[in-house]
Amino acid sequence: MRKRHREVNLPEVTQQDAVCPASIPSPGLSAQTGLQKIWGAVHCQVCPGAPAWPGSPWHEEMGLLLLVPLLLLPGSYGLPFYNGFYYSNSANDQNPGNGHGKDLLNGVKLVVETPEETLFTYQGASVILPCRYHYEPALGSPRRVRIKWWKLSENGAPEKDVLVAIGVRHRSFGDYQGRVHLRQEKEHDVSLEIQDLRLEDYGRYRCEVIDGLEDESGLVELELRGVVFPYQSPNGRYQLNFHEGQQVCAEQGAVVASFEQLFRAWEEGLDWCNAGWLQYPIMLPQGLAPGVAVGPRHRRRHRYDVFCFATALKGRVYYLEHPEKLTLTEAKEACQEDDATIAKVGQLFAAWKFHGLDRCNAGWLADGSVRYPVVHPHPNCGPPEPGVRSFGFPDPQSRLYGVYCYRQH
């Protein structure tokens with residue numbers, strides 16, 4: 001149980017103190033990434049001269065002045081606070097449980113259960129993030145609890161609220177609206193279903209159960225099945241800043257890969273000796289093998305290649321059997337005549353990785369590059385390792401190649 005604090009005497013707080021909070025450090029990167037921790041500070045315009053670095057005397061004093069009034073003032077346990085909903089625990093409020101009062105959970109433990117293993121799925125699918133709770137020892141009657149799901153911050157992206165619920169009332173947020181709901185098919189089941197999964201949905205989700213002043217939570221990790229591939233600009237090596245890297249990945253049906261995704265791809269055999277952008281953003285230097293090395297770079301000023309991540313397909317990529325070789329424009333038209341579209345680079349890599357597409361025929365792709373996928377290497381078909389071979393970006397008017405098309409199921 002959370003403890004109620006005693007009343008203490010507080011120093012007088014000036015108006016300037018009240019409007020100029022201490023700087024709050026943003027979470028540092030995990031040491032597992034090999035990066036140095038980088039702290040950010042929010043500067044207060046009212047007090048521009050105040051030190052903003054955590055640990056400074058001003059930071060410690062203001063942290064005390066601003067936190068203590070909320071936590072230690074008499075009766076502060078009745079103040080509303082945010083945990084998915086605004087609510088109050090004052091004596092005038094109706095008890096959200098079963099009428100036995102807040103002392104019911106004395107000696108009773110609230111337990112939240114989530115799977116330890118990572119869940120794998122693919123873009124466009126629906127997935128259930130399991131989460132159940134129970135009491136130890138078990139209670140004889142049901143209690144009304146509050147549920148909150150949110151997506152944790154990672155790779156520089158902010159934390160995202162997903163869904164909050166009290167009983168049958170619920171609310172979803174942002175891009176999750178209309179795509180998420182609680183299962184609640186069995187007692188104490190608060191699993192989250194996400195429909196029409198998107199590339200940006202992968203990551204770590206937290207399930208929190210709140211019963212009065214008690215709360216417990218569990219973590220669920222969601223990964224999309226996908227493939228990491230390096231991408232170079234048509235203009236040559238090291239032509240992309242970070243934002244341009246994001247754009248070209250999106251144009252190829254992919255997103256910028258994360259460090260974890262690249263590391264997993266390296267463990268599976270990815271071998272590439274050019275530097276490329278990753279999410280955060282960080283950059284992979286060339287020539288540092290074995291292993292993956294990283295380092296921070298400026299988003300706009302520095303230019304490299306980029307590592308993209310494409311998920312498994314809901315459709316089919318195929319080499320179009322055509323009596324003649326085609327220009328790039330003719331290749332696009334030929335796919336349209338076959339009720340399909342010309343394939344993107346990410347789609348070709350996903351078809352090679354997950355559907356075993358194996359052709360020794362070079363074909364046009366949507367970005368103007370020419371590639372072909374090899375699962376089982378054989379003579380006269382390139383290097384002796386499996387992979388997606390590239391002919392670069394030939395003259396769009398040349399009639400030397402076929403085309404790879406994509407048809408959605």
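Backbone N, Cα and C define each Cβ position, glycine as well.
Positions annotated as domain 'Ig-like' by TrEMBL: 109-225.
Summarising the annotation, TrEMBL assigns domain 'Link' to 227-310 (among others).
Residue counts for the domain 'Link' (315-407) under DSSP, split into helix (H, G, I), strand (E, B) and coil, are 20 helix, 26 strand, 47 coil. The feature domain 'Link' is assigned by TrEMBL to 315-407 (among others).
Around Cys381 (disulfide bond), taking its Cβ as the centre, 15 other Cβ atoms fall within 10 Å, counting all chains. What TrEMBL lists as disulfide bond is Cys360-Cys381.
Note on Cys360 (disulfide bond): other Cβ atoms within 10 Å of its Cβ, all shown chains, come to 16. Per DSSP, the domain 'Ig-like' (109-225) is made up of 6 helix, 62 strand, 49 coil.
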